[in-house]
Amino acid sequence: MTRKPAGPVLKTDAPAQNLEEPIRPQVHLRRSNRNLAQSRKMTDEEDESREIQGKILGIRREAADSENATETVEDGEKSGKEGLRLAIEGLARMERRLQRATKRQKMKVEETHLTETLDQGEFKPRDEAATAGWKLRHQQQPDASKQPDDKDRAEQGTTIGAGLDPENEKQEASEEVLEMLERGAARPPPVNSHYLPLPWRGRLGYACLNTYLRSAKPPVFSSRTCRMASIIDHRYPLADPDQPEHATKNRPDKSKTADHELGVRFVQNLGLQNAADIVKMMRWNAKYGIKFMRLSSEMFPFASHVEHGYKLATFASKMLAEVGRVAAELGHRLTTHPGQFTQLGSPRKEVIEASVRDLEYHDEMLTLLRLPEQQDRDAVMILHMGGAYGDKAATLDRFRANYAKLSQSVKNRLVLENDDVSWSVHDLLPICEELNIPLVLDYHHHNIIFDYSQCREGTLDISQPESMERITATWRRKGITQKMHYSEPCPGAVTPRDRRKHSPRVMTLPPCPPGMDLMIEAKDKEQAVFELMRTFKLPGFEKINDMVPHERMDEPRPAPRAASTKNKKKAKAGANGKRKRAADEDDPVDLDDATAAEGDDSKTEVSQIPEVTVTALEFGMGGPENRVYWPPGMEEWLKPRKRQASKNNKAGKRGLEDGDEDTGENLEEAEGI
């Protein structure tokens, strides 16, 4: 018995011997796997659909119960044309259905665009006048019962035809960006409170670098560093040990025998120079009412390195003790902030070991300052929790275990700060209360990362008594003066990534207690502090005057060189002598007399530029008029004016060659008048 096939089989109708008929491959229609084991007869509807499909492919199916097995070639050609027409119509219908489905999905996405919803437990601000942005963002909230569930959102995300048209993808991406910008524009300001901590009694500070002193000649700053290759190169003696090192003329000679101690001594000398400039920076701060500064972690380069590291007590004890003495004399608060790679919650063993070495280095540096008891207690080390590594609970467990292994001196100084990536205030506050670690509140970071269930964005919410009292208690238990960090996002920043960047200056004070030690983390450093002092008339603002562009009276100025004066006299004498001879050849002029006359004028001009002598104590201190403030965006005022005489001189020479009269205008342009 012959077994009947499970599915229909189509055969071509054209004779095999006809060479004019195009050879078409045998087509097997797709069969369902569900009924593969069962044989069934085709119904009338299936028979009709197979007939249509056969016409589309230009062939005709032979019926199973038919005895006529042949067809003419003309009928085959006619069926092929009809099948082509049906195929075109079918494709057109498919295209229209796809377009309609895509349009419906787009309309659904537009109608259900992402909006922030107001939870039942979300904080509602009391100060209505200060939260207009908050109202604007929540005034049109959809009904919670009509919000789509996770399944609906997943279905909406799978748009039919997505990815087929690159232009549609670009359009959807641009719409998403615009939507994000719109949500960011409706965000309330970072400081949404009418409260100002005035009259101000606390200390304002800046971090690590003084822009005015950094631009002095020679510069004063505490972040001199080097590359690791420089330490290795300086293990070799100088080409001329009796002369000072020079970048090109007296470099280390690698043909000589290397000495490890020479490389260590090189990097240690950089640290001593950095520490010596801290004294100048603190005296500069005290003159203008600043009594709070963060020491640079790069003060002693590579001190915590596993290979090139070194201890400070062996060579820097005396210098750091002098820094501490001046800090105690001026009432200066000094703190440090280890880098972002110092993480006690990391799952990597090598990161934990490097972090412990870095914390011990910072602790040794602060301990060697020999500060008075309260100032030494206030000299804290600010640390971030670091990455979350996909599991915050496991990260906190690792932090607990590694914190328990730290020395008591490091534990006494360690404080935690909320960041702008992973860890909010409410994430860190429980662990700080558990391990007796003070918490530094950073307002700028809080406006980016915060717990929606506990509070909302803005300083008004985090400054409520309930939260502030818990944060303050973490400091009070250890007897440390509380400090906070404040900065503002750059103007126009909307996305979280853009908002992480700090603005060059800040425009207001946060709603913190008026006796707070406030660290201003801004690009313009001490100028950002001056901006607040001048805006709110804080103590010491009357001492700060605007500087004159490109002129600093607190730097030594050498006398003009005699060689340049001599050249000017020769040029003027030669030119005047030629003009006089051309005017009257019969009456020759004594060139020596003309040179002498011009020389007297030149000496008079040079004497108008006096030599300025500045002592070491007055150097970089703003001069007698305290001109140290520069307006926002005018940092080029800190440096001498750029010379542009060469271009103007060429223009002047071209004018004289063309026969123009020298009226002195070219000279004025060349000198920048």
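Note that Cβ sites are derived from N, Cα and C of the backbone, with glycine treated the same way.
These come from TrEMBL:
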REGION    1-83  region 'Disordered'
REGION    97-176  region 'Disordered'
COMPBIAS  107-129  compositional bias 'Basic and acidic residues'
COMPBIAS  146-155  compositional bias 'Basic and acidic residues'
REGION    237-258  region 'Disordered'
REGION    486-510  region 'Disordered'
COMPBIAS  547-558  compositional bias 'Basic and acidic residues'
REGION    547-673  region 'Disordered'
COMPBIAS  566-581  compositional bias 'Basic residues'
COMPBIAS  584-599  compositional bias 'Acidic residues'
COMPBIAS  640-653  compositional bias 'Basic residues'
COMPBIAS  658-673  compositional bias 'Acidic residues'
Residue numbers, six or more beyond the limits of the region 'Disordered' (486-510), whose CB comes under 8 Å of its CB atoms
180-181, 184-185, 187, 190-191, 196-198, 200, 420, 442-444, 447-448, 459, 463, 518-524, 527-528, 531-532, 535-536, 632-633
Please spell out the DSSP helix, strand and coil residue counts for the region 'Disordered' (486-510).
4 helix, 3 strand, 18 coil
Mind checking how the region 'Disordered' (237-258) divides into helix, strand and coil residues in DSSP?
0 helix, 4 strand, 18 coil
